[in-house]
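Read the structure below first, then the notes.
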Amino acid sequence: MTVTEVAPQALPFQELQEKILPELHLLAAGLGIENYRKLKKDALALAIMEKQADAEGQSLARGYLDITSDGYGFLQADLLDPASRSVLVTAGVIKQYHLRTGDEVIGRARKPRENERYGSLVRVEAVNGLDPEAARQRPRFDDLTPTFPDQQLVLEDPSTDDGLSLRVVDLLVPIGRGQRALIVAPPKAGKTTLLKKIANSITKNYPDVTVMVLLVDERPEEVTDFRESVQGAQVIASTFDEPPQHHVRVAEFVHERARRIVEEGGHVVILLDSITRLARANNLVTPPTGRTLSGGLDSNALHWPKRFLGAARNIREGGSLTILATALVETGSRMDDVIFEEFKGTGNAELVLSRRLEERRIFPALDILKSGTRREELLLQPEVLKKMWLLRKVISDMDPADAMEMLLGRMGKTRNNVEFLAALAG
């Protein structure tokens, strides 16, 4: 089979994906693709498309769509970097294929003409891995029905002995698909370590879940540490040396990308550190209304961060968006206190970390009495729920530090939560 026999066919991406590997090898050989046997199926399909497009004087376009306020958009290879923009997407193409910000688009682009900076997308082959026609039928995120979380994300990792923190969370503050949880933490209470453990646990226990770690106004070395410590998750960051506009733009893009995945029935977990810093950044970029709350916070500044957090939901039609966001307290800033008070009660789960427990080097520094999950009966088995209620009744009169020490001591003697609950019965 020669190139002239294959190139005119210009097979769509979906047809290439449906072919078996030997058929793709045959096409690749005819197109003169080198080392095609070393490529995985998806990469091979893209390589074939690239060769076919090149033969017709076009280029393969692939990237995340960012739609501007003027109606047109750009494909950028990097989820966050506008400098990676390579292809212009006209308003007509966006309307024709019902494209939205955050969509991952594969298609063909006309190469830039003289004095043009970008090529232009002329044909869409796939949207988020779907056929373009199927993508047109997608429901809108805001039209989907939110329900209470009813499937627990079990964080316990049987393969490691260093899992007491996650075992405690599983029992006392169970996290479900679609949870909207706040991790309320003073400085140096172990919130970053807890987030890392949760991220690693979910990526390992639930391969079907897309995990995004969003770090806003964070130290650069913390970002590096997260990227090296967390495997299988997308770590997206805007460090403290970036302007507040960049913080907000990064968060907006992550928000839109997560919504696109959920619209197709996927499951996403966003770990945000922190909602407080995101609200601070949004306060700086929001046009002043003249109505200022205590601490210098504009009354309109919390609208978008609340929209971000409020997107967390379990979807009746399928899919879920789970958000675990840290809220900073006891920082000495009146603004931080106001932000926390505004977000208090918006979540359906709270993990409250205690400075007193941290000072006594008790980790997780979880205040058992103040932490909990709403409608936990939908997540835990009835027999587990009864034992948890009994445990909470026993420790209700204890000092939080003593209660956590006792609980960790008992749990440390068992290999997993099943054994611990069986021991409680005894």
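Note: Cβ is positioned from N, Cα and C throughout, glycine not excepted.
Features as listed in Swiss-Prot:
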DOMAIN    58-131  domain 'Rho RNA-BD'
BINDING   Gly176, Arg177, Gly178, Gln179, Arg180, Ala181, Lys188, Ala189, Gly190, Lys191, Thr192, Thr193, Arg219  ATP binding site
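Features per Swiss-Prot, on structure.
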residue: Gly176; record: ATP binding site; CB count, 10 Å: 23
residue: Gly178; record: ATP binding site; CB count, 10 Å: 26
residue: Arg180; record: ATP binding site; CB count, 10 Å: 22
residue: Lys188; record: ATP binding site; CB count, 10 Å: 12
residue: Gly190; record: ATP binding site; CB count, 10 Å: 19
residue: Thr192; record: ATP binding site; CB count, 10 Å: 19
residue: Arg219; record: ATP binding site; CB count, 10 Å: 13
Collapsed DSSP category at Lys188 (ATP binding site): coil
Largest inter-residue Cα distance among Gly176, Arg177, Gly178, Gln179, Arg180, Ala181, Lys188, Ala189, Gly190, Lys191, Thr192, Thr193, Arg219 [record-listed ATP binders, Å]: 30
Residues of the domain 'Rho RNA-BD' (58-131) by DSSP state, where helix covers H, G and I: 10 helix, 36 strand, 28 coil
DSSP three-state assignment for Arg180 (ATP binding site): strand
